[in-house]
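Here's what Swiss-Prot has on this protein:
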- 274-285: compositional bias 'Pro residues' (COMPBIAS)
- 293-303: compositional bias 'Polar residues' (COMPBIAS)
- 310-333: compositional bias 'Low complexity' (COMPBIAS)
- N8: N-linked glycosylation site (CARBOHYD)
- N13: N-linked glycosylation site (CARBOHYD)
- T459: phosphothreonine (MOD_RES)
- T463: phosphothreonine (MOD_RES)
- T477: phosphothreonine (MOD_RES)
- 271-334: region 'Disordered' (REGION)
- 1-30: topological domain 'Extracellular' (TOPO_DOM)
- 89-105: topological domain 'Extracellular' (TOPO_DOM)
- 171-192: topological domain 'Extracellular' (TOPO_DOM)
- 423-436: topological domain 'Extracellular' (TOPO_DOM)
- 31-53: transmembrane segment (TRANSMEM)
- 68-88: transmembrane segment (TRANSMEM)
- 106-127: transmembrane segment (TRANSMEM)
- 148-170: transmembrane segment (TRANSMEM)
- 193-215: transmembrane segment (TRANSMEM)
- 402-422: transmembrane segment (TRANSMEM)
- 437-456: transmembrane segment (TRANSMEM)
Amino acid sequence: MANFTPVNGSSANQSVRLVTTAHNHLETVEMVFIATVTGSLSLVTVVGNILVMLSIKVNRQLQTVNNYFLFSLACADLIIGAFSMNLYTLYIIKGYWPLGAVVCDLWLALDYVVSNASVMNLLIISFDRYFCVTKPLTYPARRTTKMAGLMIAAAWVLSFVLWAPAILFWQFVVGKRTVPDNQCFIQFLSNPAVTFGTAIAAFYLPVVIMTVLYIHISLASRSRVHKHRPEGPKEKKAKTLAFLKSPLMKPSIKKPPPGGASREELRNGKLEEAPPPALPPPPRPVADKDTSNESSSGSATQNTKERPPTELSTTEAATTPALPAPTLQPRTLNPASKWSKIQIVTKQTGSECVTAIEIVPATPAGMRPAANVARKFASIARNQVRKKRQMAARERKVTRTIFAILLAFILTWTPYNVMVLVNTFCQSCIPERVWSIGYWLCYVNSTINPACYALCNATFKKTFRHLLLCQYRNIGTAR
């Protein structure tokens, strides 16, 4: 993260060139003010990042691969808020390092490992989003929770390997410790040029990479959002006309027999299907009811024509008495049903009586199935468009969050790293307090990150509110 400088100025860690003489110690009022401000920032940082971690833990809506990377970043920010901020504040207020060499090295190792892990997590987030928008067909299949865990572990392990051994054991490698007891800085960073080299690798190069990636992410996201944006009236009209001109599907429904009826007979208490007649007689209006013993029928509408029932084959029953031919009123079924009319016809031939049920389609053959198919296709198309728009909205939300995080990182880390660049060429050009403020701004980035999540993601914001108000039952429904 940052680099510390001893009082004599020979080191590159100019941010901690603290005054060690009594007459340069901070006044009491100034120390109280600094302690209050930095203590408040530390508390806000700790609480904010704990809220982030709890939100991801308890709300399943936030348990995504991208948010697991944010969880890792929140862990790093929590460590900075709990330890690094307070130890550096103690160093500033006291004017010297009062905790000894061992605590100094442990603090520096922790500070640099965690800060470097933050940068690595930001790089992972940027690359992850870049591959999501540029390779939407292949990358999501490999974007699993296991892969995210491996990437997060790699970021922390690499940061530890790069900084912790060098900070803790450099004095044993060279055979002596050159850092004074009342100061705290990294021993092997004793040259401003070396410090500048580490700043290039730890800040400038990652910033360039993340900026380029974000530009590509933004362009790709805008392209996808533009593709799925709502259509204008003219576009909708043109597409509707084209849809009406091109038939969706040719109905492959067999033409019904003349009269448009299928027949079923009620015989011996059972409803059985009877074959349609081979040669139907001429139609007859329903209004002319037949009162003879040949047949009697009912119809659902006055203008619907029907044919007389054909003689149905049945078992011989000489002893069966002839039954009167009842005339039943037709029933109209549910309009949404496939059939809408029922005709009950009774025929008496000789000594047996046969009752048949005719079910007549309400619409011409093929019209209702074709309409159903069209409605199904339209429903599927609407669902697909809605899902694509929801996906585009989620992408915009994630892109906004990444932009806010990267912007906060660049704004808070740039002042210190610019001072490192200037100090390489002019070691006396930057006042000591400016160094301290610049170094503290790097810590403030850990305070800002939780606010970025809440401002750019409504689900985070609602979950934060439920946690703070102890409304635990509403956490799972926060969206």
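For all residues, glycine too, the Cβ spot is worked out from N, Cα and C.
Assigned with DSSP, the residues of the topological domain 'Extracellular' (89-105) fall into helix, strand and coil as follows: 12 helix, 0 strand, 5 coil.
Within the model, the topological domain 'Extracellular' (1-30) shows a mean pLDDT value of 50, rounded to a whole number.
Just going by CB pairs under 8 A, the stretch in 31-53, 148-170, 193-215 that sits most against the transmembrane segment (437-456) is 31-53.
Considering other CB atoms within 10 Å as the measure, the emptiest surroundings among the modified residues T459, T463 are those of T459. Reduced to three states, the DSSP call for T459 (phosphothreonine) is helix.
Secondary structure of the topological domain 'Extracellular' (423-436) per DSSP (helix as H, G, I; strand as E, B; remaining residues coil): 8 helix, 0 strand, 6 coil.
For the topological domain 'Extracellular' (171-192), the DSSP-based tally of helix, strand and coil residues reads 5 helix, 0 strand, 17 coil.
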